[in-house]
(Lines of atoms letter the chains of each structure in order from A; the text may use other names.)
(Lines give C-alpha, C1' and ligand atoms only; values in the text may rest on other atoms or scores of the structure.)
Protein backbone atom coordinates (compact mmCIF):
# COMPACT_ATOMS: atom_id res chain seq x y z
CA UNK A 1 0.00 0.00 0.00
CA UNK A 2 2.83 2.40 0.83
CA UNK A 3 4.50 1.62 -2.49
CA UNK A 4 1.29 2.49 -4.31
CA UNK A 5 1.23 5.83 -2.50
CA UNK A 6 4.81 6.49 -3.57
CA UNK A 7 4.02 5.70 -7.19
CA UNK A 8 0.94 7.89 -6.86
CA UNK A 9 3.13 10.79 -5.74
CA UNK A 10 5.41 10.29 -8.75
CA UNK A 11 2.35 10.18 -11.00
CA UNK A 12 0.85 13.39 -9.56
CA UNK A 13 4.16 15.24 -9.73
CA UNK A 14 4.58 14.19 -13.35
CA UNK A 15 1.06 15.42 -14.15
CA UNK A 16 1.74 18.79 -12.52
CA UNK A 17 5.03 19.25 -14.36
CA UNK A 18 3.38 18.38 -17.67
CA UNK A 19 0.58 20.88 -17.06
CA UNK A 20 3.11 23.52 -16.07
CA UNK A 21 4.82 23.03 -19.41
CA UNK A 22 1.69 24.21 -21.21
CA UNK A 23 3.67 25.63 -24.14
CA UNK A 24 4.72 22.11 -25.12
CA UNK A 25 1.06 21.02 -25.00
CA UNK A 26 0.10 23.90 -27.27
CA UNK A 27 2.90 22.99 -29.67
CA UNK A 28 1.82 19.34 -29.77
CA UNK A 29 -1.78 20.40 -30.37
CA UNK A 30 -0.77 22.53 -33.36
CA UNK A 31 1.40 19.71 -34.70
CA UNK A 32 -1.47 17.24 -34.26
CA UNK A 33 -3.85 19.41 -36.27
CA UNK A 34 -1.20 19.83 -38.99
CA UNK A 35 -0.73 16.05 -39.20
CA UNK A 36 -4.47 15.48 -39.45
CA UNK A 37 -4.79 17.97 -42.30
CA UNK A 38 -1.91 16.37 -44.23
CA UNK A 39 -2.93 12.76 -43.62
CA UNK A 40 -6.56 13.44 -44.49
CA UNK A 41 -5.46 14.39 -48.02
CA UNK A 42 -3.11 11.41 -48.23
CA UNK A 43 -5.99 9.17 -47.23
CA UNK A 44 -8.16 10.34 -50.11
CA UNK A 45 -5.45 9.37 -52.59
CA UNK A 46 -4.55 6.10 -50.86
CA UNK A 47 -8.16 5.03 -50.40
CA UNK A 48 -8.90 5.62 -54.07
CA UNK A 49 -5.95 3.47 -55.16
CA UNK A 50 -6.30 0.56 -52.74
CA UNK A 51 -10.08 0.53 -52.72
CA UNK A 52 -10.48 0.85 -48.97
CA UNK A 53 -14.27 0.64 -48.89
CA UNK A 54 -14.73 -0.67 -45.35
CA UNK A 55 -14.58 2.88 -43.97
CA UNK A 56 -16.34 5.94 -45.28
CA UNK A 57 -14.33 9.11 -45.89
CA UNK A 58 -15.51 10.49 -42.55
CA UNK A 59 -14.51 7.31 -40.74
CA UNK A 60 -11.08 7.42 -42.37
CA UNK A 61 -10.32 10.81 -40.85
CA UNK A 62 -11.49 9.62 -37.43
CA UNK A 63 -9.30 6.53 -37.79
CA UNK A 64 -6.22 8.64 -38.54
CA UNK A 65 -7.10 11.06 -35.74
CA UNK A 66 -7.28 8.29 -33.13
CA UNK A 67 -3.92 6.91 -34.22
CA UNK A 68 -2.18 10.28 -34.21
CA UNK A 69 -3.75 11.12 -30.85
CA UNK A 70 -2.07 8.21 -29.07
CA UNK A 71 1.16 8.36 -31.07
CA UNK A 72 1.83 12.00 -30.21
CA UNK A 73 0.83 11.50 -26.58
CA UNK A 74 3.55 8.93 -25.89
CA UNK A 75 6.36 10.39 -23.72
CA UNK A 76 10.03 9.92 -24.62
CA UNK A 77 10.59 7.42 -21.82
CA UNK A 78 13.57 5.83 -23.56
CA UNK A 79 15.50 9.11 -23.39
CA UNK A 80 15.08 9.35 -19.62
CA UNK A 81 16.34 5.81 -19.04
CA UNK A 82 19.24 6.29 -21.43
CA UNK A 83 20.27 9.49 -19.65
CA UNK A 84 20.05 7.82 -16.22
CA UNK A 85 22.36 5.03 -17.37
CA UNK A 86 24.93 7.09 -19.23
CA UNK A 87 25.22 9.85 -16.62
CA UNK A 88 25.47 7.44 -13.71
CA UNK A 89 22.33 8.82 -12.09
CA UNK A 90 20.89 5.31 -11.92
CA UNK A 91 23.32 4.44 -9.10
CA UNK A 92 21.74 7.13 -6.92
CA UNK A 93 18.18 6.26 -7.92
CA UNK A 94 18.65 2.61 -6.96
CA UNK A 95 19.04 3.61 -3.30
CA UNK A 96 15.52 5.04 -3.16
CA UNK A 97 12.83 2.94 -1.42
CA UNK A 98 10.93 2.55 -4.68
CA UNK A 99 11.40 0.43 -7.78
CA UNK A 100 13.30 2.24 -10.53
CA UNK A 101 11.19 0.72 -13.30
CA UNK A 102 8.02 1.42 -11.31
CA UNK A 103 8.92 5.08 -10.80
CA UNK A 104 9.81 5.49 -14.48
CA UNK A 105 6.48 3.99 -15.51
CA UNK A 106 4.51 6.11 -13.01
CA UNK A 107 6.17 9.28 -14.27
CA UNK A 108 5.63 8.34 -17.90
CA UNK A 109 2.00 7.47 -17.22
CA UNK A 110 1.50 10.91 -15.70
CA UNK A 111 2.81 12.58 -18.85
CA UNK A 112 0.76 10.22 -21.02
CA UNK A 113 -2.43 10.94 -19.08
CA UNK A 114 -2.21 14.72 -19.46
CA UNK A 115 -1.21 14.43 -23.12
CA UNK A 116 -4.09 12.08 -23.87
CA UNK A 117 -6.66 14.30 -22.18
CA UNK A 118 -5.46 17.53 -23.80
CA UNK A 119 -4.79 16.10 -27.26
CA UNK A 120 -7.95 14.02 -27.03
CA UNK A 121 -9.97 17.20 -26.67
CA UNK A 122 -8.14 18.74 -29.63
CA UNK A 123 -8.73 15.59 -31.68
CA UNK A 124 -12.46 15.51 -30.97
CA UNK A 125 -12.95 19.23 -31.62
CA UNK A 126 -10.97 19.34 -34.86
CA UNK A 127 -12.25 16.10 -36.38
CA UNK A 128 -15.88 16.73 -35.47
CA UNK A 129 -15.62 20.23 -36.94
CA UNK A 130 -14.33 18.75 -40.21
CA UNK A 131 -16.59 15.74 -40.72
CA UNK A 132 -19.03 15.83 -37.81
CA UNK A 133 -19.58 13.23 -35.11
CA UNK A 134 -19.94 9.61 -36.13
CA UNK A 135 -23.09 7.60 -35.56
CA UNK A 136 -21.54 4.96 -33.35
CA UNK A 137 -22.40 2.82 -30.35
CA UNK A 138 -22.93 4.99 -27.20
CA UNK A 139 -20.16 3.11 -25.42
CA UNK A 140 -17.71 3.86 -28.23
CA UNK A 141 -16.68 7.21 -26.76
CA UNK A 142 -15.95 5.60 -23.42
CA UNK A 143 -13.98 2.93 -25.27
CA UNK A 144 -12.24 5.72 -27.21
CA UNK A 145 -10.72 7.07 -24.00
CA UNK A 146 -10.10 3.71 -22.32
CA UNK A 147 -8.41 2.10 -25.31
CA UNK A 148 -6.32 5.22 -25.83
CA UNK A 149 -4.89 4.78 -22.34
CA UNK A 150 -4.39 1.04 -22.89
CA UNK A 151 -2.54 1.65 -26.15
CA UNK A 152 -0.41 4.33 -24.49
CA UNK A 153 0.49 2.03 -21.59
CA UNK A 154 1.67 -0.65 -24.00
CA UNK A 155 3.69 1.94 -25.90
CA UNK A 156 5.38 3.08 -22.68
CA UNK A 157 6.36 -0.49 -21.77
CA UNK A 158 8.10 -1.08 -25.08
CA UNK A 159 9.75 2.34 -25.05
CA UNK A 160 11.15 1.43 -21.63
CA UNK A 161 12.59 -1.71 -23.23
CA UNK A 162 14.27 0.46 -25.84
CA UNK A 163 15.70 2.63 -23.07
CA UNK A 164 17.12 -0.41 -21.25
CA UNK A 165 19.17 -1.26 -24.34
CA UNK A 166 21.45 1.56 -23.13
CA UNK A 167 22.97 -1.03 -20.78
CA UNK A 168 24.66 -2.52 -23.85
CA UNK A 169 24.84 0.26 -26.47
CA UNK A 170 25.90 3.90 -26.44
CA UNK A 171 22.93 5.21 -28.42
CA UNK A 172 19.39 3.80 -28.37
CA UNK A 173 18.17 5.94 -31.29
CA UNK A 174 18.71 3.19 -33.93
CA UNK A 175 16.41 0.89 -31.95
CA UNK A 176 13.86 3.68 -31.63
CA UNK A 177 14.06 4.32 -35.39
CA UNK A 178 13.35 0.65 -36.12
CA UNK A 179 10.51 0.61 -33.59
CA UNK A 180 8.87 3.69 -35.09
CA UNK A 181 9.09 2.35 -38.65
CA UNK A 182 7.57 -0.99 -37.64
CA UNK A 183 4.87 0.86 -35.69
CA UNK A 184 4.16 2.97 -38.77
CA UNK A 185 3.76 -0.12 -40.99
CA UNK A 186 2.31 -2.84 -38.77
CA UNK A 187 0.39 -0.46 -36.54
CA UNK A 188 -1.72 0.69 -39.49
CA UNK A 189 -1.19 4.34 -38.66
CA UNK A 190 -2.54 5.60 -42.00
CA UNK A 191 -3.93 2.53 -43.76
CA UNK A 192 -6.07 0.04 -41.81
CA UNK A 193 -4.56 -3.41 -41.67
CA UNK A 194 -7.52 -4.81 -43.56
CA UNK A 195 -6.26 -3.26 -46.82
CA UNK A 196 -2.85 -4.93 -46.45
CA UNK A 197 -2.00 -8.23 -48.18
CA UNK A 198 -3.03 -11.20 -46.08
CA UNK A 199 0.55 -12.20 -45.30
CA UNK A 200 1.26 -8.71 -43.95
CA UNK A 201 -1.85 -8.85 -41.78
CA UNK A 202 -0.65 -12.14 -40.30
CA UNK A 203 2.77 -10.61 -39.59
CA UNK A 204 1.21 -7.51 -38.05
CA UNK A 205 -0.94 -9.48 -35.61
CA UNK A 206 2.17 -11.30 -34.41
CA UNK A 207 3.46 -7.95 -33.11
CA UNK A 208 2.21 -5.52 -30.43
CA UNK A 209 1.76 -2.68 -32.92
CA UNK A 210 -1.94 -3.20 -33.80
CA UNK A 211 -2.82 -3.13 -30.09
CA UNK A 212 -1.11 0.26 -29.77
CA UNK A 213 -2.63 1.93 -32.82
CA UNK A 214 -4.65 0.44 -35.69
CA UNK A 215 -6.72 -2.29 -34.07
CA UNK A 216 -7.60 0.01 -31.19
CA UNK A 217 -8.73 2.79 -33.53
CA UNK A 218 -10.74 0.43 -35.74
CA UNK A 219 -12.71 -0.70 -32.68
CA UNK A 220 -14.25 2.75 -32.41
CA UNK A 221 -15.87 2.36 -35.84
CA UNK A 222 -16.71 -1.36 -35.57
CA UNK A 223 -17.75 -1.62 -31.94
CA UNK A 224 -18.61 -5.24 -31.08
CA UNK A 225 -18.05 -7.09 -27.83
CA UNK A 226 -16.32 -9.91 -29.69
CA UNK A 227 -13.74 -7.54 -31.17
CA UNK A 228 -13.26 -5.88 -27.79
CA UNK A 229 -12.51 -9.20 -26.10
CA UNK A 230 -10.04 -10.08 -28.85
CA UNK A 231 -8.35 -6.71 -28.46
CA UNK A 232 -8.16 -6.97 -24.67
CA UNK A 233 -6.69 -10.47 -24.95
CA UNK A 234 -4.09 -9.21 -27.42
CA UNK A 235 -3.30 -6.20 -25.25
CA UNK A 236 -2.96 -8.26 -22.07
CA UNK A 237 -0.64 -10.77 -23.74
CA UNK A 238 1.73 -8.10 -24.99
CA UNK A 239 1.64 -6.22 -21.67
CA UNK A 240 2.63 -9.36 -19.77
CA UNK A 241 5.27 -10.21 -22.36
CA UNK A 242 6.68 -6.67 -22.27
CA UNK A 243 6.78 -6.55 -18.45
CA UNK A 244 8.56 -9.91 -18.27
CA UNK A 245 11.12 -8.66 -20.80
CA UNK A 246 11.58 -5.47 -18.77
CA UNK A 247 12.30 -7.43 -15.59
CA UNK A 248 14.66 -9.83 -17.38
CA UNK A 249 16.75 -7.22 -19.20
CA UNK A 250 16.77 -4.86 -16.21
CA UNK A 251 18.22 -7.56 -13.97
CA UNK A 252 20.74 -8.52 -16.63
CA UNK A 253 21.74 -4.89 -16.98
CA UNK A 254 22.23 -4.46 -13.23
CA UNK A 255 24.52 -7.49 -13.20
CA UNK A 256 26.65 -5.79 -15.85
CA UNK A 257 26.89 -2.67 -13.68
CA UNK A 258 27.90 -4.73 -10.64
CA UNK A 259 30.52 -6.70 -12.54
CA UNK A 260 32.02 -3.61 -14.15
CA UNK A 261 31.90 -1.59 -10.95
CA UNK A 262 28.92 0.68 -11.77
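Every residue number used here counts from 1 along the chain in the order it is shown.
Backbone N, Cα and C atoms are what each Cβ position is placed from, and that goes for glycine too.
Among the ranges 46-76, 139-169, the stretch that TrEMBL annotates as transmembrane segment is 139-169. Same-chain neighbours of the transmembrane segment (21-43): 57, 60-61, 64-65, 68-69, 72, 114-115, 118-119, 122-123, 126-127, 130, 190, counting only residues six or more beyond its ends whose CB sits under 8 Å from a CB of the stretch. Through the fold, the transmembrane segment (100-127) approaches residues 3, 6-8, 10-15, 17-19, 25, 28-29, 32-33, 36, 61-62, 65-66, 68-70, 72-75, 77, 80-81, 90, 93-94, 144-145, 148-149, 152-153, 156-157, 159-160, 163, 246-247, 250 of its own chain, all at least 6 residues removed from its boundaries and within a Cβ separation under 8 Å.
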